[in-house]
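*Asks:* One structure, pasted below without further comment.
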Amino acid sequence: MFSISRITRTSSFTTQFRALYRFKHSARKLQSIPFSIYKKMSAADRLNQTHDILSESVQAVENPFKVTVIGSGNWGTTISKVVAENAALRPHLFVKRVDMWVFEETVDGQKLTEIINTKHQNVKYLPNIDLPENLVANPDLVSAVKDADILVFNIPHQFLPRIVSQLQGNIKKDARAISCLKGFDVSKDGVKLLSTYVTEKLGITCGALSGANLAPEVAKENWSETTVAYELPKDFKGEGKDVDHAVLKALFHRPYFHVNVIDDVAGISVAGALKNVVALGCGFVEGLGWGNNASAAIQRVGLGEIIKFGQMFFPDSRVETYYQESAGVADLITTCSGGRNVRVATHMAKTGKSAEECEKELLNGQSAQVFTHVRRSTSGWPSAVRPMNSFCSRPFTRLSTRTLLWTLCQT
């Protein structure tokens, strides 16, 4: 539920005032429910009631926002489900139809988009999860984004340059975006956030979403929380006319998926990218049978390295984000406990196979988000490991798994 403590972490006095007003308004409505009725409600019913009241407190906009999700993997489809549910419930804020761009594939002789639009399930990447009927799978990227006011990027980050190049000149000039991608744009000029890359290439303001969000659990509507970071642009049109924190909360918040909106885009982006390197170490620990104590040490050292990295390359990022937000330590714990990176690293340690081989065996066509290239050495262990969407203070070159873990633990 919305709390006073979280109001203090918003970006401006005006935002704080509005958040406090909405909180008081919602509290009054909750108090109006007779206790005899409230005590009979299940926990899920209470979450739904609170969710509905909070959403009603968001001011209607002049023109409802059209939302498009770019990406349809397991996480992309899950976020599309969340967004489409909210779009259907809030016609005063969003256009009911939500487009989800799908890279067209054939599954059992039928186009994946046709399956999604008729059976309302993504049978390849998110099977056995029912999707809202107002979620439309669209294989034409330009068609999917042309009228969108809010773009939600949720694709493997290595495809971002190609996608962005196709979007140039084909989106609204005043569109806003949220990136669910994990990683950095690294060049000779330095390190950039992927949200910054989107802003520079498309000329639109882009925030980020990250948190302790294993896609299958969110899709099954197990209770989860996440963090959305968005800094209001200089050309902000005003409340009711443009995307702000309240609109983003209404877009992503569900009774089973609680959202906190802040403005530290760098903080949650750094945490979301570098957690995967730490998860790699935890997977090797598990595969070698070193136990939970060693895994905890990897996570402790890893969190410290993440914070140092953030302070070095993005000095405006806030240390408290790593500790207080779902995108920080909570996401690190979740990813190191059961994410795809842990599974791949564990399998590598147990079998001596390359990352590519393990990905093919375990991930149904998806990537582990950690490697770009792994060469097999004569001993069977990776002879060159280069992080794909994040990196550490030391190169992973010609290291056995045990040496790699030792390197991770040195500070």
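Placed from the backbone N, Cα and C atoms, the Cβ positions cover glycine too.
As listed in Swiss-Prot for this protein:
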- Lys275: active site, proton acceptor (ACT_SITE)
- Gly71, Ser72, Gly73, Asn74, Trp75, Gly76, Phe103, Phe159, Ala215, Arg340, Gln369: NAD(+) binding site (BINDING)
- Lys182, Arg340, Asn341: substrate binding site (BINDING)
*Asks:* Within 10 Å of the Cβ of Gly73 (NAD(+) binding site), how many other Cβ atoms can you find? Include all protein chains, please.
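*Replies:* There are 22 such Cβ atoms around Gly73 (NAD(+) binding site).
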*Asks:* Taking the Cβ of Lys182 (substrate binding site) as centre, how many other Cβ atoms lie within 10 Å?
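*Replies:* Result for Lys182 (substrate binding site): 25 neighbouring Cβ atoms inside 10 Å.
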*Asks:* Any idea what the Cα distance is from Gly73 (NAD(+) binding site) over to Arg340 (substrate binding site), rounded to a whole Å?
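*Replies:* For Gly73 (NAD(+) binding site) versus Arg340 (substrate binding site), the Cα atoms are 13 Å apart.
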*Asks:* Spatial neighbours of Ala215 (NAD(+) binding site) among the recorded positions Lys182, Lys275, Asn341, defined as Cα within 10 A: which are they?
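*Replies:* Candidates kept after distance check: none.
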*Asks:* Express in Å, rounded to the nearest integer, the largest CA to CA distance found among the substrate-binding residues Lys182, Arg340, Asn341 named in the record.
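*Replies:* Maximum Cα-Cα distance: 13 Å.
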*Asks:* Test of understanding: give the count of other CB atoms lying within 10 angstroms of the CB of Arg340 (substrate binding site).
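*Replies:* Result for Arg340 (substrate binding site): 22 other Cβ atoms within 10 Å.
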*Asks:* Go through Trp75, Phe103, our binding-site residues, and report the one whose Cβ sees the most other Cβ atoms within 10 Å.
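*Replies:* Going through Trp75, Phe103 one by one, the largest Cβ count within 10 Å is at Trp75.
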*Asks:* Helix, strand or coil for Lys182 (substrate binding site)? Use DSSP.
*Replies:* coil
